[in-house]
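Annotated features in Swiss-Prot:
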type	residues	note
BINDING	Ser112, Lys113, Ile114, Asp115, Gly166, Gln167, Ser168, Gly169, Val170, Gly171, Lys172, Ser173, Ser174	GTP binding site
BINDING	Cys247, Cys252, His254, Cys260	Zn(2+) binding site
DOMAIN	63-223	domain 'CP-type G'
Amino acid sequence: MAEGQIIKALSGFYYVLSEGKVFQCRGRGVFRKQKVTPLVGDRVVFTATGEAEGYILEICERQNELVRPPVANVEQAILVFSAVSPDFSAKLLDRFLVLVESKNITPVIVISKIDLLDGGMKETIAQYVRDYRHIGYEVIETSTVTKEGLDELMSHLCGRVSVVAGQSGVGKSSLLNALRPDLQLKTGDISTHLGRGKHTTRHVELLAIAGGLVADTPGFSALEFDHIELDELPYYFPEFRAYGEGCKFRGCLHVAEPKCAVREAAEAGDIAPYRYDHYLSFVAEMKERKPRY
């Protein structure tokens with residue numbers, strides 16, 4: 001028996017990477033009976049039945065699991081947002097950060113196209129970088145033109161399983177191509193190298209990039225907060241935690257409650273006002289959703 005990690009699932013076969021070698025495996029029938037489906041990213045115990053074939057015997061406990069794309073044990077999310085073209089969107093970034101935090105995945109913020117910055121926009125982006133770093137997030141400024149930040153990004157990918165996410169047109173494919181040129185990913189679709197037509201079955205594959213594994217399908221294609229409870233939301237704004245203990249009421253939602261230390265910190269500028277505004281917007285959105293039974 002040996003241990004490995006599923007890097008691709010296709011037509012009933014699971015491709016397991018173990019000690020630098022890939023084994024084409026099938027799952028045991030017991031998985032079907034238990035209604036358990038092995039996922040790309042799963043760490044598994046398998047037995048080899050030949051030079052490059054085998055059977056999966058056991059799926060190890062998952063650290064986390066994404067639905068879209070269907071991948072398990074993601075360690076970090078590379079959140080790519082462009083400085084310009086399209087313009088940087090702090091609210092969309094905050095939405096991604098909440099989703100990533102809720103899945104117990106470490107976010108790494110990558111700001112792309114910084115070579116296109118000039119004048120006032122340069123200082124605007126610099127302030128965002130300071131704000132997010134102050135919260136405790138890792139922020140990498142990159143350019144595929146000047147190659148700035150690429151070495152730092154590679155060091156974060158090394159030895160980890162990552163998904164890449166972010167708004168469209170921000171240069172996700174360009175970044176991965178810069179790190180591994182033989183991928184030749186087309187701009188606008190991280191997954192074109194799989195030769196998908198519009199109606200073919202989507203599958204996800206982990207690509208070896210910079211000493212780590214990167215999902216070839218954009219992560220977090222669903223941006224709703226459906227799986228998050230309202231009272232959990234403050235926890236996914238890390239800078240709120242230090243102030244939350246000082247709120248008068250236990251379980252304070254930091255909206256309109258009296259003597260709310262988080263709201264006071266936002267009013268004093270100790271919490272970035274736009275972060276607090278985005279939080280209020282997300283609270284309102286979650287209050288409007290239909291109840292789940």
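Just so it is clear, glycine is given a Cβ too, placed from its N, Cα and C backbone atoms.
Remember, predicted model here, so these are calculated numbers, not experimental data.
The CA atom of Gly166 (GTP binding site) is located 28 Å away from the CA atom of His254 (Zn(2+) binding site).
Between the CA atoms of Ser112 (GTP binding site) and His254 (Zn(2+) binding site) there is a gap of 33 Å, rounded to the nearest whole number. Among the binding-site residues listed here, namely Cys247, Cys252, His254, Cys260, His254 has its C-alpha nearest to that of Ser168 (GTP binding site). Spacing of Cys260 (Zn(2+) binding site) relative to Val170 (GTP binding site) is 37 Å (Cα to Cα, whole number). For the binding-site residues shown (Ser112, Ser168, Ser174), fewest C-beta neighbours within 10 angstroms: Ser168. Closest to Lys172 (GTP binding site) by Cα-Cα distance, out of the binding-site residues Cys247, Cys252, His254, is His254. Here GTP is bound by Ser112, Lys113, Ile114, Asp115, Gly166, Gln167, Ser168, Gly169, Val170, Gly171, Lys172, Ser173, Ser174 per the record. The longest Cα to Cα distance in that group is 19 Å.
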